[in-house]
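Annotated features, as they stand in TrEMBL:
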type	residues	note
BINDING	HIS183, HIS291	substrate binding site
BINDING	ASP203, ASP214, GLU410	divalent metal cation 1 binding site
BINDING	ASP214, HIS283, GLU316, GLU410	divalent metal cation 2 binding site
COMPBIAS	48-64	compositional bias 'Basic residues'
DOMAIN	121-324	domain 'Peptidase M24'
REGION	1-78	region 'Disordered'
Amino acid sequence: MSVAEPIGADTAAVDQKMAELSVSSPADHASTDAKPEDDHEDADGEKKKKKKKKKSGNKHKKKGPGAAGQTTPPTIPVSKLFLNKYPEGHIHEYIDDNSYRTTSEEMRAKERLCEQQVNDLRRAAEVHREVRSYARSQIKPGMDLADIAEMIENGTRTLVEEKGFEAGIGFPTGLSINHCAAHYTPNTGDHVIIQNDDVLKVDFGVHVNGHIIDSAFTMTWNDRYDPLLQAVREATNTGIREAGIDVRLGDIGAAIQEVMESYEITLDGKTLPIKCVRNLCGHNIGPYTIHSGKSVPIVANGDQTKMEEGELFAIETFGTTGTGLVHEEGACSHYAKSGDDTVQPRITSAKKLLGSINKNFGTLPFCRRYLDRLGESHYYMGLKHLVDNGIVTAYPPLCDSPGSYTAQFEHTFILRPTCKEVLSRGDGLLKKH
């Protein structure tokens, strides 16, 4: 069994590495880590550099080395690499009736009111990029999912400088294989080994001050699954492209479905249609709340609800060779506190556990491994009581039919007053790994 090298902070090594790095602008490195490679972005970067050369009065100001200064495995918090000025994501200008927003002074004034939120999101996005880049380079057949989860989560804790509700993990690392589409993470003692023919979905989140970045990708080690991954990549890209202020959610779903279901795949001599997983969807995200009320379908459903200015969304699509419907299957690992605080537990163990959940997670999702890590023990009865009484919601693994294969890709974007910013773009997430 091959075990990934754990990501952890080594203070002496970090200090030595930082001392060796040349001081430069975050903009010097942002184009390769936070933006797609195209002539327009490169041109913008050159203009910014020329302007900075004229500002001779800023020579004494220190600026971080950017993502190029990160170690392997990553151990340096992104705040030290960027000094709290983080790369912007992929920018989409508004079109048609919203094109005026790009140059509107009123919209620019609104932008200034949300600068802190956007910077927090960019910080979380940079952590996600650097952790997932390392994880993608390490994950391979023969590895234990438990080791992968620890690698990703320890890396996130280190790079975001985990500190209670100020910064940390957004939700448990999803590591769902083959017909399991979502919501599987190992419980303590679980040992699942990746095989050469597996289709692995990796879904994890990072938050800063409750502002969550949610992004996912799929990995395979057999080219026969390429059509499935291509279908889901293109469907996700379509959803991102179609999204915008005043766009109807049902229209986005229709566009996603049209692209996804135009693909097919041949497995073991049998040609199969690639279907959308009809009962999974994208969602908007609120402070400390991963699903905040609006759902972005991945099929045409006629939903007339519109996206609005200032909203944060995760567009995620799931393709399958199976039935196109998922159901709950297997032992639960994911949980989250419900929004209703009026119901109180009646048994002592549940009261104690709820106190720990409120203190450490609030409304952020958690898993059993996180409770174990906190030193909680003999909590199963209390956890069941909380779930049975609607105080905590359980999210079991979601699976299609046995023998089928599912894939997922996901990005987070914000509908800023002047543009749509795809925050989690970078390092070729929607390209073949």
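Cβ from N, Cα, C; glycine included.
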Quiz item: Considering only the binding-site residues ASP203, GLU316, GLU410, which fall within 10 Å of HIS291 (substrate binding site) when distances are taken between Cα atoms?
Solution: none
Quiz item: How many Å lie between the Cα of GLU316 (divalent metal cation 2 binding site) and the Cα of ASP214 (divalent metal cation 1 binding site)?
Solution: 9
Quiz item: How many whole Å apart are the CA atoms of HIS283 (divalent metal cation 2 binding site) and ASP214 (divalent metal cation 1 binding site)?
Solution: 10
Quiz item: Cβ-Cβ under 8 Å from ASP203 (divalent metal cation 1 binding site), same chain, 6 or more residues apart: which ones?
Solution: THR173, GLY174, SER176, ALA182, ASP214, SER215, ALA216, GLN408, GLU410
Quiz item: What same-chain residues, at least 6 away in sequence, bring their CB to under 8 Å of the CB of HIS183 (substrate binding site)?
Solution: GLY174, SER176, SER333, HIS334, TYR395, PRO396, PRO397, LEU398
Exercise. Counting Cβ neighbours within 10 Å across all chains shown, tell me which of the binding-site residues HIS283, HIS291 comes out on top.
Key: HIS283
Practice problem: Across the whole of the domain 'Peptidase M24' (121-324), what does the mean pLDDT come to? Round it, please. | Solution: 98
Quiz prompt | Any further residue of that chain within 8 Å (Cβ to the Cβ centroid of ASP203, ASP214, GLU410) of the recorded divalent metal cation 1 site | solution = GLY174, PHE204, GLY205, SER215, ALA216, ALA314, GLU316, GLN408, HIS411, THR412
Self-check item: Packing count at GLU410 (divalent metal cation 1 binding site) (other Cβ atoms within 10 Å of its Cβ)
Solution: 24
Self-check item: Cβ within 8 Å of the mean position of the Cβ atoms of ASP214, HIS283, GLU316, GLU410: remaining residues of the chain near divalent metal cation 2
Solution: ASP203, SER215, ALA216, GLY282, PHE313, ALA314, ILE315, HIS411, THR412
